[in-house]
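Here's the structure we're looking at; comments come further down.
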Amino acid sequence: MSLLQAPSGHSSNGEAEKHPHGMAVAAEDDVDTGAALVAGISGDLDPVEVARVRRKIDIGILPMMCTLYWIQFMDKTTLASASILGIEQDANLSTNQYNWLGTVFYVSYFLFEFPQNLALQRFPVGKWISVNIFVWGVTLACTSACSNFTGLFVTRFILGMCEGSVTAGFMIVTSMFYTRNEQTLRVGYWFTMSGTAQIIAGFISFGTLHINTPGFAPWRWLMIITGTLTLITAVIYWFFFPDSPTDAWFLTPAERTIAVRRLKENQTGVENKHFKKEQMIEAFKDPKTWMFALSSVLNMIPNSLTNQRQIIVASFGFSDLQTTLLSCVDGFIEVATIWTGVTIAARIPNGRAYVGAAYFVPPLVGILMIEFLPWSNQIGLLFAIWLVDIGITGFVLSVSWLTSVTAGHTKRVTTNAIMLSAYCVGNALGPFMWQSQYKPRNYIPWIVIGICYILCPLLLLTIRFVLRRENKKRDAEPVNDGFEVYIEQVTADGKHVEVRVDKEFLDLTDIQNRDFRYVL
């Protein structure tokens, strides 16, 4: 049985069975997974109870999300740390081969992004992520046995394949458990762990530099240590990370109902395991999908600094030990800027684009400093690098914004896949800027980064303009109360009854649901 009869007289997924009174009857597979939990329930929620459930959700999932994001980002940047620990010499890597190791990760990420998102819709989210983490950990540990470009190329390819499940999965989980107003802060919380990862990786790298094992270089110990931490995380995720609020182990049945009902304001529901082709097509036709995707590409070309930063800092004249420890400062700056950015954006109504655009100003100043300061000004150049790090905040805000302005589970999965595929394109292209002929000043790469950081804020403001215009258009339309859909449920005594489902849990897209308003 297919979805529902839309008010316009056509269904969004075929013809629905008609209720005896002219209303539509839908199968549970066609509506949101939270529909069966809250169907027929009315009345206002107690704000105290809502706040208590939100705290339980924060305690139940945020620590694990933050831990995994720290682990995966630290693992992803082991290549940068290993560059100071001797991997290029041990594996006889040329500059171009080293750049390819940064690129192949994102090529693999790109190739597997759509399959990963489809799997996240089809399978339990927590379990699927944990399987990927386990494969990731085994692969990272095995990297310690590599001694040439080919072996490192294969392991980096596998790491990229697994990476595709993490950010995409977290975007889905965040939209499942939190209201749109809460999502900006929560996305910011787990994204700050990328900065924390740089801090911890810096100290681990510093420690491994002091391990003197004949025939086993420090960078190999780095892979063993980080791989082991990842495997431990995989086991914890398998047993403790929930798949959705409808089955979260840390919530009672009554609290699960509250957790789902409080999402009503999102107009997005929780999730739907049934793939809907028409929602996928809508995602591809939606202009905002491609504006966010372009923003992602432009944000991520400068992210090639992840694997180049320590090489650049070392070229300023710092020793390997100093460079390793200074990488911790990059992490502190990233944590501080992301945290302040998402906090300000959460407190300014409809201010995401303005805040995101403002955070691109310091990086542009940093780029000008790098281009024009004398090479002898070691400290000034170092501070310029740190200013450039602030640019990541705009990307974090765009990720949280995308989850807030997309409804319909298949459409959300598709837009996530498109944006993260664009993320891969930017990261794959970026490393090729850093050619040996541009060293040590790297004027050309820094000019490219500057152009990207000029276009990014302009794109954010353009997206805001388009969504604001659409909101005004919808405000002028007459209110549509034509949605009346029922699902069939079996009572405790075996009777079949039809229970009304609120429109918010019909798995409508943001375009199908004209009552949906885009947050700005």
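Cβ coordinates come from backbone N, Cα and C, glycine included.
Those TrEMBL annotations? Automatic predictions, nothing curated.
Note that the coordinates shown come from a computational prediction; the quantities given were computed from them, not determined experimentally.
Annotation comment: TrEMBL describes 61-468 as domain 'Major facilitator superfamily (MFS) profile'. If you look up TrEMBL, you'll see 1-22 marked as region 'Disordered'. According to TrEMBL, the transmembrane segment annotation covers 157-178, 190-209, 221-241, 353-373, 379-402, 414-434, 446-467.
Remote same-chain residues near the transmembrane segment (353-373) are listed as 302, 337, 341, 344-345, 380-381, 383-391, 393-394, 397-398, 401, 443, 446-447, 449-450, 453-454, 456-458, 460-461, 463-464, 520 (criterion: CB distance under 8 Å, separation of at least six residues from the stretch ends). If you look at the transmembrane segment (157-178), the same-chain residues 6 or more away from its ends with a CB under 8 A from one of its CBs are 54, 57, 61, 65, 68-69, 72, 75-76, 104-109, 111-113, 115-117, 119-120, 125, 128-129, 132-133, 135-136, 139-140, 186-187, 190, 244-245, 259, 263, 266, 268, 270-271, 399-400, 402-404, 412-413, 416-417, 420, 423-424.
Non-local neighbours of the transmembrane segment (190-209) in the same chain are 62, 65-67, 69-71, 73-74, 77-78, 81, 84-85, 170, 174, 218-219, 221-222, 225-226, 320-321, 324-328, 330-336, 338-339, 342, 392, 396, 399; each lies 6+ residues outside the stretch with a CB under 8 Å from one of its CB atoms.
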